[in-house]
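**Student:** Take a look at the following structure, please.
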């Protein structure tokens, strides 16, 4: 009507149309095709003598299989066939179907959009009715695949009942929360009957998410058959893209069954949806009211009538406009060519300002809308656009979907980052076990097939789902533990200095001279350096400090232990030499003790030199194994000292530095306990254990050897006389 009333489009030319019904039958479609090509009211193939009713184009909404058959006939006559219902990609073959056009996209973008929709919401466990394309290639598993029941021929159709029960069992028993329905409109008629009957008997479970393709129009025959839509509440459907056509709602408000130029369907539609009798027609209801013509279409529920164009209606609208603009181009150019060459190149904007044209495949649209169905208790509904699929959009924008709260549909719970999928024997790919990643590895994506190791400068976080950069973990002076240890190191260093000063001040007293004065100084200086050496372990480590830590402590501590060893050996030899005719006298003297300290320390220096030359320590290297070599030698010295001290336990304590073997026992105990503790700690706590061991062992030597002598020097000076020493010496000699 709008085209014929437009003064600028096909002026003085009236466009007419004929409508034929396919009856869901390929034979009837063939018959209609030949009728269109024949003289009116006389079907004679390849014969048409009409002068006015010339066929310019055919606009059809057939399913793909029937549309293909029709195209073979119309292609012979090069009559454009414009489809709004055939989605099959095979119709893109312009060599086989040169005159075929469509106002809708082919099914490939829709199937790709369907896969993207499954992936977006992580639906990997679905039910499937009549479709199995490209899903398994995208890690989407199919819980069941069923065909829709055929339309029953009668109420006693046993085949329909069997198919009905089989489909019902699959839907109710599956754990899948998402069911995809795919197929042509006509072929899914039986499925609609099944769903309607199942819902009426409360057999269909609620909570399922139905996904339907554009081939299935929910609203088809709903008004005429009064089917319910309640099973589809929350469904998502693909639909051919539409735009709001200006003036369409106003046009619908003007419709009534008595208008002079009413179409041939308006009276039957009015009679059905308003349940009234149309005057002056056969459409009557016995005892019912008459249609006034003032009934409002907007008052009807959405299941009966929508006040906006559906995808099918919009495609028909654009198809008719395309034919009209093509005819206008032909008449404007006064060309006698067929419609087909002009239709290929037509390009115009419709009244909704939507550009209409055909690409090289004869397709006018490349976009699908994704709609969310909201069904109300009275079977009215609204369709909310929540996304789209557009094959002509820029890369990365082909698929969009608004986030929404949707149910999960997976064979198992998600395999979250930090876990890895393991095969479950005999099950589909989507059904698997999950296990945490092995120590030292991560997985940073859902449903990971393997775990990866972090780069050398990174390590896994607690959840093992990402790598984080390593940071230098060291014991600082600012933190309480570092401050306390440093304070003790300085305190014991000060105490050692006081003892050394006391020994120097009283160097001429018998107790200082009787205990190998030079070795006492060496021992005190080495203990002082041991205490100060522990400070090197605190603070940010560098290359120099790493070199000094183990080597300095190893050499200094070996001097301390070898000094105790030298003092003990000297005392043992001195008392052995008192026996008549003893050959031990030639070994006595400062050269022996000096040789013991020097040789023992030299061995330690050699070990450290070899270590620094072959595998020097750096801040990023593991130091555990190398430190063990130093401890082994120190342990050897301590054991030797402990053995000799044990043999000399009965010597007078005035001369014997290790009479009760307690100082060496403390030293051995500290370092024996250090090894397992050191291996079980990491980072700054390992350093703290090492500092504690240094302080404890050095304090043990300082306290057990020198504190008793300081007690005599300061508090019991009457015992610090030659007579007291000689008396103890004689008693010790008698014991030997």
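Residue positions begin at 1 at the first shown residue.
Just so you know, glycine gets a Cβ as well, placed from its N, Cα and C.
TrEMBL does not curate its annotations; it predicts them automatically.
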**Student:** Taking 521-539, 711-729 as the choices, which stretch does TrEMBL tie to transmembrane segment?
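**Tutor:** Here TrEMBL associates transmembrane segment with the stretch 521-539.
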**Student:** Give the range, chosen from 461-480, 481-500, that TrEMBL lists as transmembrane segment.
**Tutor:** 481-500
**Student:** From the ranges 432-454, 685-707, pick the one that TrEMBL records as transmembrane segment.
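**Tutor:** Among 432-454, 685-707, the range TrEMBL annotates as transmembrane segment is 685-707.
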**Student:** Which is it, of 389-411, 596-618, that TrEMBL names as transmembrane segment?
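**Tutor:** Checked against TrEMBL: transmembrane segment maps to 596-618.
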**Student:** State the residues, same chain only, that lie 6 or more residues beyond the ends of the transmembrane segment (481-500) and have a CB under 8 A from a CB inside it; answer 'none' if no residue qualifies.
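**Tutor:** For the transmembrane segment (481-500), the far contacts come to 475, 521, 524-525, 527-528, 531-532, 534-535, 538-539, 684, 688, 691-692, 695, 698-699, 702, 706, 710.
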**Student:** Please compute the mean pLDDT of the model over the domain 'G-protein coupled receptors family 3 profile' (481-729).
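**Tutor:** The average pLDDT of the model in the domain 'G-protein coupled receptors family 3 profile' (481-729) works out to 73.
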